[in-house]
Amino acid sequence: MKILVINAGSSSIKFALFEKENLNQIASGIAERIGIENGIISISFDKKYQFEIDMKDHLEAAKKLLELFEQISLIKNADEIELIGFRVVHGGIELNKASKLDQETISIIEKSAKYAPLHNPGALQAIKAFQLALPKAKLSVNLDTAFHSSIDKINYSYPINYELAQKLGIRKFGFHGISHRFITNKLEKILNKKSVNFVNLHIGNGASLCAVKVSKSIDTSMGFTPLAGIMMGTRSGDIDPSIHEFVCKEENMSIEEFTSILNKQSGISGVSQISSDLRDVEEQYAKGNAQAIFALDLYSQKIADYAAIYLNKIAPQIDAIVFTAGVGENSAFVRKNVISRIKIKNIELDEALNSQKVGEYQLISTKNSEIPVYVIRTNEELMIASDAKKLNS
């Protein structure tokens with residue numbers, strides 16, 4: 001029997017397929033351009049497949065996926081898919097752990113859509129589509145916000161008018177929780193400890209840090225939205241909120257237009273004026289491009305600043321600093337540049353270990369380092385599949 005993991009947006013469905021018994025991933029892929037002309041379904045199985053198929057909505061995409069799974073002999077029939085686990089960005093404050101999918105859970109996700117208008121609606125469309133396409137399957141959800149439900153009031157509150165904050169539900173929610181939780185569980189196994197204290201640096205195009213104490217999130221850099229925190233690929237991270245008003249007045253721009261700039265044209269892309277892909281910016285850095293050097297130094301400093309704050313929060317017993325996600329796992333340059341800017345402890349990277357390709361995980365610090373530094377590959381899909389299995393065992 002199989003477990004299907006779904007991560008859906010408004011016009012796409014990313015998926016991964018796992019064997020239920022041993023949780024081995026056997027396939028992955030994406031259905032793109034749902035509701036748009038020239039739809040494409042890509043599947044990686046025994047080889048890479050690509051199909052040009054128009055899909056008018058998520059239900060048609062779900063049905064086409066199942067047909068193609070049978071066509072390429074990934075499954076014999078749809079009944080082999082016993083469990084489906086969905087990634088949902090926002091569960092508000094009510095959904096604080098992976099949950100079986102029932103009408104109450106769906107209602108909470110619908111209610112939380114106002115906090116994640118770009119993400120939750122697509123997930124809901126996919127949930128409803130697979131309920132119809134695979135009526136026998138048992139469904140569960142993992143929330144990106146859930147791991148951060150352990151953050152206390154001091155750390156999740158914003159110093160704005162209290163009545164307004166209460167009325168509108170304005171607080172830090174945090175994101176990337178599935179990844180932060182996966183890394184927490186993995187570090188426990190690596191260190192053979194029942195609980196761990198560490199700072200996790202999930203650095204991809206989107207990026208967030210998490211302070212983990214006794215294996216629970218006590219603070220995280222993203223906030224009410226994923227725009228908060230450190231500088232990212234295209235997102236600004238933290239800025240003075242009055243910049244909004246100033247730019248809108250000076251440029252005769254709407255709040256929505258400037259918020260879009262902060263989300264899509266800022267960060268590494270906006271500062272470097274080169275690309276949101278760090279590899280391109282690193283290449284220009286090596287060639288002495290002044291704007292690339294400035295962008296990467298600013299980026300590294302923003303990450304180091306948050307890391308230092310979080311090391312202070314989890315002290316005195318600090319088990320590790322962990323780098324994960326696309327940049328964290330693959331950029332030796334960024335890891336070195338960030339660690340060199342953290343001065344509160346003597347943290348030393350082993351140049352050779354930091355430079356080599358990382359497998360599942362790698363210790364990259366020296367024996368003299370006061371805090372061990374690891375690179376650990378994250379696997380959100382495996383976390384979702386594992387939870388789906390546990391919830392339905």
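Placement of Cβ uses the backbone N, Cα and C atoms for every residue, glycine included.
The annotation active site, proton donor/acceptor is assigned in Swiss-Prot to ASP144 on the grounds of sequence analysis. The feature Mg(2+) binding site is assigned by Swiss-Prot to ASN7, GLU380, with sequence analysis given as support. The feature substrate binding site is assigned by Swiss-Prot to ARG87, with sequence analysis given as support. Annotation comment: Swiss-Prot describes HIS176, ARG235 as site 'Transition state stabilizer', evidence class sequence analysis.
Structure coloured by features recorded in Swiss-Prot.
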residue : record                             : Cβ contacts under 8 Å, 6 or more apart
ASN7    : Mg(2+) binding site                : ILE13, LYS14, PHE15, PHE86, ARG87, GLU380, GLU381
ASP144  : active site, proton donor/acceptor : ARG87, VAL88, VAL89, HIS90, PHE175, HIS176, GLY177, ILE178
ARG235  : site 'Transition state stabilizer' : GLY206, PRO226, LEU227, LEU262, ASN263, SER266, GLY267
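Of all the recorded positions listed (ARG87, HIS176), HIS176 sits in the most crowded Cβ setting, with the most other Cβ atoms within 10 Å.
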